[in-house]
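Chemist: Here it is, the structure, as structure tokens.
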Amino acid sequence: MFRQFQRRARWPFVGLQLSNVALNASHASATVLYPWIMYDLTHSVVCMALVAFVNGVVLLIGMVFGGYIAEMLGIRYTALISAKVGMLTSLLIAALYTADLLHPGTFLILSFTGSILDGPATVATEAKAPEIARFSRLSSAAASSVDDMIDGLMLLTASAASAFLIAVIGPKDAAWWIVTGNFIAMMLLSFSLPSFRLRPAPRLGDIASAGKRLRDSAVSLPFALWGSAALGFFMTLQIFVVPAALRLQGESVAWLGLFIAASATGTIMMNLHLASRHATPKPASVVCGALLGLALSMGILWVEISPLTMMLSGLVAGLANGWLSPAFVAILQMKAPRNCRPHVMGLSYSVVLLFLPLEYMLTGTAIGLTSFRTTCILLAFLLSLAAAVAAAWLECIQNDPSAS
């Protein structure tokens, strides 16, 4: 009877999407809350950056080897073990934090453990999405559009909603919200994700082959790397820089919600603008515009930390993020044969996230050694300088492709 219900309701695909919603919501809450908790425990912005850095490194390495691990353990097993580990570690963090027994070292270890399989699990489920759609009797185009719509909606709204939720219910109750989201995601995955036949044992050489395929793609590697650096700073701005400023001044986490909501609005506005254009912007224009937009966003934060500047800075940063879209549409939507799809997908994600951990740590160290306002000036200068260098480099490559 349950199998008949699965087929009639297209349960594998629906269940997977619902689990992604729950998982993305809990991850968004953790991304906002966990650096906030670390500051409560240490009163150090460098330690805040350390949490983000460790999670970023683990995610990056997990993406690189995600295809290998998923093929070795099996898609279903990889996704389920990741969900279970994430749920258990978030449960321990919530229990210890509520009881005032959480120590910085313990928190860092639990945070590391909880995210260790996030990369492989993401690669595993995304790589098998077309097959799950076919199993659920959905066309590939319909499944892809639904998946992209849900992912985009969660990406733009989950973090802002999480910040407002934490402001309303408090950080200790919000920690239990993360546990609940992880538990719901784990249960939905266990009931919806089908078992796939294991392929022949993967080889580490498969990762190198996927890297060669990515290198030989139509996407310019310098364009991808400059775009990755810009996106990494946008994420650093949301996940670390703005929260650090608010913690240093003792302001509410709800102000972070204002920043993220404004940045989501800016991203949507820019994506609509790009969709109405007849031609895709040139790589030099994309990277230069995004970096200058991020520099302007830092300049606004230097002026003052207030609800108004949160919204203005977030809007400008969101416009810059939306302007970057052409760089990542080409990378993340690259087609690959079925046998190497997980490896190519994992490497594509890792290219997008390549500079994120380093930017966390460098920014945190700068704030810790100087001050927030000094760091704003320094970052605005470095971003403007990077925009000039990137524009000249990419323009040179466009005029002389052999220079890449």
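Just so you know, glycine gets a Cβ as well, placed from its N, Cα and C.
Just so you know, TrEMBL annotations never went through curation; they're auto-generated.
When I checked TrEMBL for this same protein, it listed these features:
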TRANSMEM  44-70  transmembrane segment
TRANSMEM  77-99  transmembrane segment
TRANSMEM  175-196  transmembrane segment
TRANSMEM  217-241  transmembrane segment
TRANSMEM  253-272  transmembrane segment
TRANSMEM  284-303  transmembrane segment
TRANSMEM  309-332  transmembrane segment
TRANSMEM  344-366  transmembrane segment
TRANSMEM  372-394  transmembrane segment
Chemist: By a Cβ-Cβ criterion of under 8 Å, what residues six or more beyond either terminus of the transmembrane segment (217-241) are in contact with it?
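Modeler: Cβ under 8 Å, 6 or more out: 31-32, 35, 48-49, 52, 159, 259-260, 263, 283, 286-287, 290-291, 294, 297-298, 301, 317, 320-321, 324, 327-328, 330-331, 334, 351-356, 358-360, 363-364, 367, 379, 383, 386, 390, 393-394, 397, 404.
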Chemist: Ranking 77-99, 253-272, 284-303, 344-366 by Cβ pairs under 8 Å to the transmembrane segment (175-196), which is first?
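Modeler: Ranked by Cβ pairs under 8 Å, first place goes to 77-99.
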Chemist: Is the transmembrane segment (77-99) packed against any residues at least 6 beyond its ends, judged by a Cβ distance under 8 Å, and which are they?
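Modeler: Distal contacts: 19, 23, 26, 30, 34, 37, 69-70, 106-107, 110-111, 113-118, 120-121, 124-125, 171-172, 175-176, 178-179, 182-183, 185-186, 189-190, 193.
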Chemist: Below 8 angstroms Cβ to Cβ, which residues of this chain, lying six or more residues outside the transmembrane segment (372-394), approach it?
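Modeler: Sequence-distant neighbours of the transmembrane segment (372-394): 220, 222-223, 226, 229, 233, 241, 244-245, 248, 282-285, 287-288, 291-292, 294-296, 298-299, 301-302, 363, 366.
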